[in-house]
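The annotation compositional bias 'Basic and acidic residues' is assigned in TrEMBL to 223-241. Residues or ranges marked as compositional bias 'Acidic residues' by TrEMBL: 271-282, 517-526. Summarising the annotation, TrEMBL assigns disulfide bond to CYS109-CYS144. Annotation comment: TrEMBL describes 213-255, 267-317, 494-541 as region 'Disordered'. According to TrEMBL, the feature signal peptide maps to 1-24. According to TrEMBL, the feature transmembrane segment maps to 465-488.
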Amino acid sequence: MIMMGHFALLVFLAFASMQLLCIAADHDAAIFYDSFEEPFNGRWIVSDKDDYKGIWEHSKSEGHDDYGLLVTEKARKYAIVKELEEPVNLRDGTTVLQYEARFQNGLECGGAYLKYLRPQEAGWKPKEFDNGSPYSIMFGPDICGLTNKVHFILKQKNPKSGEYVEHHLIDPPRVPSDKLSHVYTAILKPDNEISILIDGEVKKKGNFLAAQDFDPPIIPDKTIPDPNEKKPEDWDDRVRIPDPNAVKPDDWDENAPMEIEDMEAVKPEGWLDDEPEEIDDPEATKPEDWDDEEDGVWEAPKIDNPKCQTAPGCGEWKRPMKRNPAFKGIWNPPLVDNPNYKGIWKPRDIPNPNYFELDKPYFDPIAAIGIEIWTMQEGILFDNILIAKDENVAESYRDTTWKPKFVVEKEKQKAEEEAAGSDDLGGFQKKVFDVLYKFADIPFLSKYKLQILDFIEKAEEQPNLTIGVLVSIVVVILTAIFMLIFSGKKQQPRVEKKTEVAADTSNDQGSSGEKPAEEEKEEEKENETGGAAPRQRRRDT
């Protein structure tokens, strides 16, 4: 037993030691890593340039105890840089660039990308870091207006011309549109493959040397159009031309109007020629504090003339316009094939003087990491910036630093969306009930009014029954329509009888039709079944 206990202890210690070695190996494999758990002052250098007034803050990520680097103000430029202990050679094996960014106030208009800077010999200083500082790679999310992309830009020196050219990854992924923490990863492989990951999922793959993946292509075209060649003056590239032999017909009237008065139109009977379409509001009164000298002569606001609502029209009647059958428009000769057509002209191709070949892109080494952005929103948080040579190391960091936060944020978002969805459903149900109450007042449904009202009130008390209630009411309405169509003659005497009852009660109720009689029956029914309802029903309002 003692031997077994010692053996188990040795196995446990061995397993624990392996775990510690794996963790240590991950940290050793990280060329650079900053979790921002410690204040950035003294480690990161804020630019002294006048344009960059944005204040950086060492702040917790909202809802977590995890710290990050926070953008604190709107409509500001920000610039901050961290020099690496040793430059990173991107031409040597795989390189992984990874970091987290969170738009805590949602996506509006702001960038959250990083710039991986060339050595200072390229002509920049940390205290003077700005948008002109030379970088090798720019990577990360950017959104504003029509721009919505996770940039990947390689800035490479053309070995022929000596100029640095920006090469943009074509069709980069879009930025996630939420307030959650997201981790952005760029994997540069020795076989020239580039992969962009968001939250560990590959969103874009490309090849640095493929012309269809970068704009402009990293390897230029072998030939280009001759810039010195010009199209000859006698070159005719018109496929069709106006027929030179065509003649405008004698009866073609270019001056005929497109529309003419409809002389067959007749003014409708009852047209009120002397009534204006709008009149002064008779209920409007001049404000007591109105001063004619300061405010001008007071005029009552206009309203639609009520007399015009029942008439076919008001004011001066004018004949309507109709299309003029004689209208032909401007005459143009018909088109015919051009006998002198020579085709579309283009300059001849010549060898591209700036053409070169590469086995892999010319990556300048990375000597520093900079954040240089202009943003119209605050609350952008940067965290867990990593450079590594092994994509498994980046995956390990995602699992341990990003994923636990993301899971918590996702659950919180889900709960908020469910709560908001419930509120929206409640508002939708209220609108449905309002429409159904109006249905109950339609005259031809009066026979079924009490039944419809009962259905609605049950649904209000138990919202989960709403769909069933809608189906029931639709059945009632269809039944009423069916009865109205096929039993109209039998229903006529009953309608006349109700009209007589309504006439007898019109002086007391101030209403015409069946509603007062139905309300009396409803009150009698409630009294027989135990009195008034425990709450005011909408049928009583």
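Cβ coordinates are placed from backbone N, Cα and C, and glycine is handled just like the others.
Remark: CYS109 (disulfide bond) has ILE143, CYS144, GLY145, THR375, MET376, GLN377 as non-local neighbours, by Cβ distance under 8 Å and separation of at least 6 in sequence.
Proximity of distant same-chain residues to the compositional bias 'Acidic residues' (271-282), defined by a Cβ-Cβ separation under 8 Å and at least 6 residues beyond the stretch ends, is recorded for 299-305, 307-308, 311-317. Residue counts of the region 'Disordered' (213-255) by helix, strand and coil are 0 helix, 8 strand, 35 coil (DSSP-based).
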